[in-house]
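Colleague: Encoded as structure tokens, here's the structure I'll be asking about.
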């Protein structure tokens, strides 16, 4: 085994004991740590999204094993993004679009990792800035209303050139990797996960002429709302956006890195997860 492969961080999001997955996760954590040891890996556990607190541990790891669903993987990817570390998901729970393996396939995956028979996927990530506060997004950045009533006006610019005003509940700015998440629920297009582009999808726009827009990732975008709004990152973190305050979004210089099995096929995953070609009554 190469030296750089010897340390794997295990990331588990904190789970309340009343969560139906709590007991399963607790048992899985112990089993995973024992399996890593048996396969010759050093390991450590992180159960916090505070990357600064765990900076030394993060720097030490070759990769991160994310135990849970897509939400767990997204949290880990954001936390480790600035450290340029790859992650791989071991699915526990319902959603597993990003997961590399099920729990019962982890041993084979680790053996393939030791033999360099795993592929590294690099995906576009977003870098956002509000004032002096910067952040990364893996799936999407959403500009949303703070108030339940009324319409939010969002002006959109490419560089300094205005190109649209969205009037509705908000706007999704998604990555190709995130195009099958909130963007898809809002009737945005599916864009191949390895594409270099942004997807702008309006939320319940007041105008019937507004449609989702796909832009090349070479553009720098900025947005401002006519009243106070919320900026939501991957459905997990929020920032306040003051009225007429600019939100700057561009392609992150660092990619999102996911380890996947060599046999993984993007179109097969789409077909299985979205039940393409199946009867509507078929259960997942």
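Using the three backbone atoms N, Cα and C, a Cβ is placed for every residue, glycine included.
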Colleague: For the NAD(+) site, Swiss-Prot lists 70, 71, 139, 140, 167, 169, 177, 180, 181, 182, 183, 184, 185; sort out which one of 27, 236, 245 goes with them.
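Modeller: Only hit among 27, 236, 245 in Swiss-Prot's NAD(+) site, alongside 70, 71, 139, 140, 167, 169, 177, 180, 181, 182, 183, 184, 185: 236.
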Colleague: How many Å lie between the Cα of residue 181 (NAD(+) binding site) and the Cα of residue 70 (active site, proton acceptor)?
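Modeller: If we compare the Cα positions of residue 181 (NAD(+) binding site) and residue 70 (active site, proton acceptor), the gap is 10 Å.
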Colleague: Between residue 185 (NAD(+) binding site) and residue 70 (active site, proton acceptor), how many Å separate their Cα atoms?
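Modeller: Counting only the Cα atoms, the answer is 16 Å.
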Colleague: Suppose we draw a 10 Å sphere around the Cβ of residue 185 (NAD(+) binding site). How many other Cβ atoms does it contain, all chains included?
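Modeller: Residue 185 (NAD(+) binding site): 10 neighbouring Cβ atoms within 10 Å.
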